[in-house]
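*Asks:* Sending over a structure as structure tokens; questions will come in a sec.
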């Protein structure tokens with residue numbers, strides 16, 4: 001007996017590559033994917049977004065009694081001053097500070113992220129993270145995002161079991177250890193004052209005055225720096241804010257107004 005299987009045949013349509021569905025997919029606009037063997041080259045060839053010029057002045061240096069950290073408070077986008085009250089010295093923990101230079105959002109986010117990781121390290125290991133460890137942690141994080149448009153130039157300053165520590169970290173993952181740094185568009189002017197007046201055996205008062213004067217002179221010459229000069233001291237007992245002075249008041253302190261003397265010359269007129 002032969003069974004009739006004609007009723008079991010499928011009547012569903014079979015789409016081939018040439019059908020309209022696949023033709024529509026082929027017409028969909030696409031974009032280039034990065035070459036995994038030359039990712040950095042792909043980033044260089046990509047069209048960059050408009051990035052307004054940024055500017056700031058921050059500095060930090062190690063001396064006999066700890067680390068002195070100072071910064072201005074102006075935020076700018078190109079020639080536009082967007083704020084005069086930005087907090088550019090960020091408290092990571094009670095014994096460690098970070099500075100902001102570059103993109104405000106990038107610096108604030110990654111400092112906040114670093115503070116969380118430092119706290120988790122403290123809870124897991126029952127001891128505070130060292131300045132060396134915190135700076136290395138931030139550098140490793142930023143290195144993973146290199147070439148992705150981050151703008152970060154920060155200093156990590158603090159006090160740990162080994163004493164004072166100071167590191168510079170940038171958005172490419174670079175990390176430098178040093179005794180004094182200045183970062184930002186006003187740093188060339190700040191370096192001039194800092195290098196001229198720096199001594200390791202300064203008192204806290206002398207160090208804070210040097211930091212304040214260096215930031216002020218940078219704001220005097222650099223249009224992207226200004227606002228308020230904030231100075232912090234990091235010592236064995238943690239960080240403490242020393243001063244916060246408006247640069248306008250500091251101008252009259254460093255350059256006091258001296259009344260000009262007007263000399264009147266008497267001229268005898270001889271009549272004809």
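Our numbering is plain: 1 for the first residue shown, then up by one each step along the chain.
Note: Cβ is positioned from N, Cα and C throughout, glycine not excepted.
For reference, Swiss-Prot lists these features for the protein:
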- 56: active site, nucleophile (ACT_SITE)
*Asks:* Need the DSSP three-state call for the residue listed as 'active site, nucleophile' to compare against my parser.
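*Replies:* The three-state answer is coil.
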*Asks:* Check each residue in the chain of residue 56 (active site, nucleophile) that is at least six apart in sequence and keep those whose C-beta is under 8 Å from its C-beta; list them in sequence order.
*Replies:* 71, 72, 74, 75, 88, 100, 101, 183, 184, 185, 186, 224, 225
